[in-house]
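Asker: I grabbed these lines from TrEMBL:
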- 7-238: domain 'NAD-dependent epimerase/dehydratase' (DOMAIN)
- 108: site 'Important for catalytic activity' (SITE)
- 110: site 'Important for catalytic activity' (SITE)
- 137: active site, proton donor/acceptor (ACT_SITE)
- 188, 203, 210, 270: substrate binding site (BINDING)
Ligand code: GFB
């Protein structure tokens, strides 16, 4: 990417998009184009077409998506498939029509089969049934990967797909029903400590294993791969280590300084038993995660604990 290049970050108000903007700015890139959702509804084909024709960006980071945790995915099944299919179809197609030099599509580790061997290699895509709680979201993301490959094959577009593991960081969503596990636990333990509550409720059995990557590491990987990765298919972005939800809860308990107990609400779904990324392809391109889980959670906690999780 040339320093003067015009770069559109779709989803710049979200956790990942905002981290990508920070990373680009830190790298000296100043020609960054953004639009908030009220300014540009990417689900709307005409609005997206007009935006691309007017701005004609050179590079696109496609980080705009409808996202959420396990209950949000399972509850708003129609919204997750419809909104994501519309956003990515509009952006990918109009990037092609307007000769974008390179587009990076951001997917998710939930594209892999629920019971795939671990760690998850890129070629396990479409080898088995998906986890039911997030199947609509996963199908949309799989369609995004296949669109990038199809536009590469038919039109020669340099459109690439990257699959992040579970992410956390600044600008996360702390809504207790719709968020992912890490922001939910930070909020629950912090508020329990403030109010001297005896116990914190953790969803599910505590046995599922998850891998967590800080959004700043994710943005750094996207920035790096935008410059070094030009292949069809996909590349995983993760740390290559996982932790049980119970141990994650104990870590958040330690970081927040909460002294009470954990209880597990087994009426809530566990989701996929394990989602550990194989990161050998990522490492072979020369990028590795730098922020440890404890360091990352501590920095997020310190930055939000006085803001009442707004
Ligand atoms: O983060 P999470 O919602 O997403 O849940 P997934 C991870 C695990 O943490 C599940 C448990 O086993 C949850 O039951 N958990 C425990 C909690 N306490 C809580 C809590 O208070 N809130 C939440 N949210 N979970 C999502 C997918 O799956 O991961 C998306 O639905 C996407 O499509 C995203 O792929 C990265 O890892 O289960």
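Glycine residues also receive a Cβ, built from the backbone N, Cα and C atoms like all the rest.
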Asker: Within a 10 Å radius of its Cβ, which of these binding-site residues (188, 203, 210, 270) has the fewest neighbouring Cβ atoms?
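Answerer: Comparing Cβ neighbour counts within 10 Å for the binding-site residues 188, 203, 210, 270 gives 270.
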Asker: Sort the binding-site residues 188, 203, 210, 270 by C-alpha distance from residue 108 (site 'Important for catalytic activity') and give me just the closest.
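Answerer: With Cα distances computed to residue 108 (site 'Important for catalytic activity'), the winner among 188, 203, 210, 270 is 210.
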Asker: Give me the CA-CA distance between residue 110 (site 'Important for catalytic activity') and residue 137 (active site, proton donor/acceptor), in Å, as a whole number.
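Answerer: Given the Cα positions, residue 110 (site 'Important for catalytic activity') is 8 Å from residue 137 (active site, proton donor/acceptor).
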Asker: Between residue 188 (substrate binding site) and residue 137 (active site, proton donor/acceptor), find the distance joining the two CA atoms and give it rounded to the nearest Å.
Answerer: 26
Asker: Could you state, as a whole number of Å, the largest distance between Cα atoms of any two of 188, 203, 210, 270, the listed substrate binders?
Answerer: 19
Asker: Measuring CB to CB from residue 137 (active site, proton donor/acceptor), give everything in the same chain under 8 Å that is also at least six residues away in sequence.
Answerer: 66, 67, 73, 80, 81, 84, 108, 110
Asker: I'm checking region-level scores; what's the whole-number mean pLDDT for the domain 'NAD-dependent epimerase/dehydratase' (7-238)?
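Answerer: Summing pLDDT over the domain 'NAD-dependent epimerase/dehydratase' (7-238) and dividing by its length gives 97.
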Asker: Measure from the Cβ of residue 108 (site 'Important for catalytic activity') and count the other Cβ atoms within 10 Å, all protein chains considered.
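Answerer: Total other Cβ atoms inside 10 Å, all chains included: 22.
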